[in-house]
Every structure is written in C-alpha cells, then in structure tokens.
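*Asks:* Provided herewith is a single structure, encoded as structure tokens, for subsequent inquiry.
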Amino acid sequence: MKKTIIFFLIFMLIILSPIVTLADENDSDIDENQQGDLLDGTMEESDNFTEDTVELPTDFYEAKVLKIEERKLENADLEAQGFTDTVQIVTVKILDGKFKGQEKVIENMNTGNAAYDIWVDKGDKVLLYAELTEDQSEIENIFISDFVRWPNLRNLTLLFIILLILIGGWQGTKALVSLGITAFAIVQFMLPMMLKGHSPIILAILVCLFTTVVTIIIITGFSIKSLSTILGTLSGVLIAGVLSYIMGNIVHLTGLSAQEAQMLLYIPQGISFDFKGLLFAGIIIGALGAVMDVAMSISSAMDEIKNTNPSITVKELVQSGFTVGKDIMGTMSNTLILAYTGSAIPLLLLFMAYETSMLKVINLDLIATEIVRALTGSIGLLASIPITAIVYGVLQRKKIKS
C-alpha cells in the first residue's frame, strides 16, 4: 500500500506541474495596463454619473398579486412596430421585510415584447424592486421586477434529493454529500478567490483535485479502484486543460465572447481579470464531471471483472477495461458536444435565419470558443479511458507481486 501511495503522489506531481506552469505563463502575459485603462475610464464615467444623481437606497421584497385591472394606451410608434402598450394596475401585498403586510398599487407596463414584459395573474407571487426614502422608513417607488421562482426550484431540488436517496440508498446519500462539498468548494473558495484576482486556472486545478479525491473516496473508499479513477480523471482533465490552452492561443480566443465575461470589465471592484484564464478554467471544470463518470465506470467494471474472475491476467484485465471504454466512448463523447450545442440552439437558429456565411460563423470568437470547449473536453474524456484502464492494471499487478 505504501508503494501505491507513493506512485499516486508521483503521478499527481507529474500531471499537475505542466498546467500550473502554463497558468503562471498565462498570468504573466496579461496586458494589465490595457485593462486598467479601460477600467479607469469606466470608473471615471461612473463617478461623473453619480455626481449628477442621487441614488436612493433599494431593496427587493416578495409579494402576492391580489387584484389586476388592465387598460390599453394609444402609442402610434409601438403599434407601427407590431407592439401594444398595455398597463396592468396591480394590487400586491408585501410578504416579507419591514413592510410586510402593506398593500401597494403598481403600474405594470407591457408592450407585447416577450423579452421584457412581465404579465402577472391574480395569485401570482412576484419580486418587487423598491426605492426607499433616505431614512429607509418608507417606499418611494416600487416596480414588479420578476416572478418569485425559488419555492418551485426548492421543490425540484427536494425531489432530486429524495429520488437520489430512494434509488441510490447509502450510495445516493454519499453522492449527495460529495455534491454538497463540490458546490461549497466552487462557491465558497474558487469564485471568491477569482474575485480577488487570483489565477483562474490554478484555482480550477485545485478545485478539480480536491473535488475528485474527496468525491471518489467518499463514494468508493480508498482502494485500487478509487486510485485508478482519481488518476484517470485528473489525467483526462489535465489533457483537456492543456489542449484548450494551446488551441485557445493558436486560434486567438479572447475569453470575452460571452456577454457575462464582457460585463466583468465593469464590476465595481476594478479587478483586471485574466479572461483567457477564466475560459480555460471553465473548460476544466466543465469537463470534470463527464471525465470522472467515464473513469469511474471503467474502474468499477474492471474491479467487478477481477472479483468475479480472480485468475484473470493483468493483460486480459486491461483489455477488458479497453473494451468497456469503447462501449462508453460513443455515448459519452456525445454528452459534452450535445450539452454545448443545446445551449447554443437560439444562436444557431439566428445564423440560419439570416443565412450567415459559414465562413463568417466558423471564425466568430463565440463559435470557435464553443468548438474548442466541446472538442477539448471530449478529447480529455477519450484520453481518460486508456489511462484509467492501464493505471488499474499497473496497480493490480503491484498488488499481485506484493
């Protein structure tokens, strides 16, 4: 067992050192002056804006719709564009906060544009955006911001937890614990550290390492199966990360193709983000789940084969692992590609509707980013198949010799 642990530690150092080096090089290449100038300009504009305006304190409240009256307004400009101008006079009752129990009448403007309209019905629960007086004792202005969705999301989460425990039993419970630990590591460690300006790639590596080790050990315990799964997973994710880094630089990805990434340029903290690093970190985290699934499936199958047929040779065992991997390969390769394609359906429809040139589409930063993300993740997944099978065979041979 000592030799196995030493092998595990050496393997970890080998697979982690290249990507950490790449992350350090990537950080040193950031043009901080360029980002700083952009942020300074943004902050100056913000300061000039706040000098001329007085911002009222604001808050959000949940409310229930008690009554609705509708009336249409004449608006020639909107009608010419195929829209209508309808006002809902909505009476709501605030359900939480210091103004709980108060009833408010709100004018809810709707134009017929589904992207912006919020059509409410009696009995709906809505989220109110309130501007308060300076002493916050009264509501100055109030608007309907959105629907209250969290209770239904909570119920869906509870259904998932119940089914996970009922179907999975003790294993399902352990999976739930590992899922909670993963979420905690991302929300409480990785994201806050990124907001402090630390390297996204190194943080993603640390989270992947921690999540993989903790998840596998919680679910399967410490064994040859768990070690081969951990090493296969980390190897596959490493390959996906390094390949995405190399290809990202070759095809000149900016990391700013998504609107959310562009909005990070204007956050009040004034952080100079490594946007390429954020992109590669996202690819690493995104590939982790699928790669871990494949590695675990292969290790579990090989472990079961070994237990069923103790006399099987290491060579035959590894060949069995390859056979299992080939069966998994087809469906799991589709997993990442279909996931990314599914999220891009509106964009693809937009290109088709406007008959955009394929040459233009394929060279867009946004499309190139998604292609690199999907293919590098899938390559990492494929690479984890032989690595997991070989590592399991090597560890099993060491066990037989000892």
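Every residue, even glycine, has its Cβ placed from backbone N, Cα and C.
Unlike curated records, TrEMBL annotations are generated automatically.
Below, the features straight out of TrEMBL:
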type	residues	note
SIGNAL	1-23	signal peptide
TRANSMEM	153-170	transmembrane segment
TRANSMEM	177-195	transmembrane segment
TRANSMEM	201-224	transmembrane segment
TRANSMEM	236-258	transmembrane segment
TRANSMEM	278-298	transmembrane segment
TRANSMEM	336-354	transmembrane segment
TRANSMEM	374-395	transmembrane segment
*Asks:* Using a cut-off of under 8 Å between C-beta atoms, tell me which stretch among 278-298, 336-354, 374-395 contacts the transmembrane segment (177-195) the most.
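*Replies:* Most contacts with the transmembrane segment (177-195): 278-298.
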*Asks:* For the transmembrane segment (236-258) and the transmembrane segment (374-395), decide whether they are in contact, meaning at least 3 CB pairs lie under 8 A, counting pairs 6 or more apart in sequence.
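*Replies:* The answer is yes, given that the two segments have at least 3 Cβ pairs within the 8 Å cut-off.
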*Asks:* Tell me, please, if the transmembrane segment (278-298) and the transmembrane segment (374-395) are in contact, taking contact as 3+ Cβ pairs under 8 Å between residues separated by 6 or more positions?
*Replies:* yes
*Asks:* In the same chain, who gets a Cβ under 8 Å from the transmembrane segment (336-354) while lying at least 6 residues past its ends?
*Replies:* 286-287, 290, 361, 366, 370, 373-375, 377-378, 381
